[in-house]
Amino acid sequence: MIILKADYKKYNVSELEKLRMDEEKFYETFDNAILLQTCNRVEIIFDADSLEEIKGIENIDLEKFDILFGDKAIEHLFRVACGLESMIVGEDQILGQLKNAYLKAKEKGRISKKLEKIILKAIHTGQRARVETKINEGGVSIGSAAVELAEKIFGLEGKNVLLIGAGEMANLVIKALKEKNIKAIIVANRTYEKAEKLAKELGGMAIKFDKLEEALRYADIVISATGAPHPILNKERLKNAGKTIIIDIANPRDTTDDIRELPDIFLFTIDDLRLVAEENLKKRKEEIPKVEMIICEELERLKEFLDKMRFETAIKELGQYIENVRKKEVEKAKKILKNKNKPVEEVLEDFSKALCKRIIYDIIKIFENVEDKEVFECLAKEFKKLGNKNKN
């Protein structure tokens, strides 16, 4: 197997964007290949032993990619599936992206039996890692840490969540919020159209910014993520809010410190969240050795399967080779019987000798090409056993 790899470790997002390929053109060009493209990586997975045997490889700028071969390529793929090669260690999204890449290749009929087995084993390994270890537990982004903190302290099920802001920081919490069983999500933003768009994505409702005080009275959890140059939430504005958790992930801050004086308000800032995220990331990294053990186990199982597959393929090819030799010798024998006045017994004798001679000649050539002494001795031993068996 061969993998061409370009990822966030070597390129920024805009540079990776230039390396992305059109999927339709890719699958029109390449056989036995899978294209894996995310915002942080572009990887091409080939079922091939050398670059020279890949038809269409000249269409790829190989200098832009790191190239992995054989066992190293397979191990890398398993690490990718487990989230060990991700920017955020253990993230779940890559597993879904790998599945989708596999399904696309399968749909196009561009995947060999061997490559399919390797990909499915990688996906299975990624699933095992997430079930048997804590590699994907705990929010490690500011957005997911905000949601995790709210859930730990107050619980999210059946709660009303107010999201203030609809910019980049607000988008950090969207995915994490979607997965929770929240009673209602309200989005407030100075530009109502942006609030409306975000609310639609979250299955919530949008309000105009002048309705913020009213929304604050009903909210159990407030996540503030505006791009305002000055605080928008202070003690005076929140004095009638009741028991509320406020999570401020804006930079600069959306909240003032005097909010902490209110007995029913629990305020957490981006600094608190950063500590949560860093602690969670540390815990994930502690799980890496356990994941690597799972990878080793699954690689060993895959090796056993691939060895068996290679053996079955070799036997099939050997059978085809013998059949081809047999057909040629049969045709020769038929011509002799037709054109020459020779006894059938003699023709059959000549036919069997010619068949054996041809096969023995090619077996000798195989022995001559074996460079590994142990392999040579093993083959010689087995052929000797075969010879002794036929004497009895």
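Note: Cβ is positioned from N, Cα and C throughout, glycine not excepted.
According to Swiss-Prot:
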- T38, C39, N40, R41, S86, E91, D92, Q93, Q97: substrate binding site (BINDING)
- C39: active site, nucleophile (ACT_SITE)
- H76: site 'Important for activity' (SITE)
- G165, A166, G167, E168, M169, A170: NADP(+) binding site (BINDING)
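T38 (substrate binding site): 19 other CB atoms within 10 A of its CB, across all protein chains. Same-chain residues with CB within 8 A of the center of the T38, C39, N40, R41, S86, E91, D92, Q93, Q97 CB atoms, the substrate site residues themselves not counted, are M87, I94. In the three-state DSSP scheme, H76 (site 'Important for activity') is classed as helix. Around the Cβ of A170 (NADP(+) binding site), a 10 Å sphere holds 24 further Cβ atoms from the protein chains shown. A distance of 11 Å separates the Cα atom of the residue listed as 'active site, nucleophile' from that of Q97 (substrate binding site). Spread of the substrate binding residues is 15 Å (greatest Cα-Cα distance among T38, C39, N40, R41, S86, E91, D92, Q93, Q97). Neighbour count (other Cβ atoms within 10 Å of the Cβ, all protein chains): 21 for M169 (NADP(+) binding site). Look at the Cβ of each of the binding-site residues G165, G167 and count the other Cβ atoms within 10 Å; the largest number goes with G165. Shown are the binding-site residues D92, E168; the one with the most C-beta atoms within 10 angstroms of its own C-beta is D92. In terms of C-alpha distance, the listed binding-site residues T38, S86, A166, G167, M169 place S86 closest to H76 (site 'Important for activity'). Nearest to S86 (substrate binding site) in space, judged by Cα atoms and limited to the binding-site residues A166, G167, M169, is M169. DSSP assigns G165 (NADP(+) binding site) to coil in the three-state reduction, placing it in neither a helix nor a strand. Same-chain residues at least 6 positions away in sequence with a Cβ under 8 Å from that of N40 (substrate binding site) are, in sequence order, D7, Y8, V13, L16, S86, M87.
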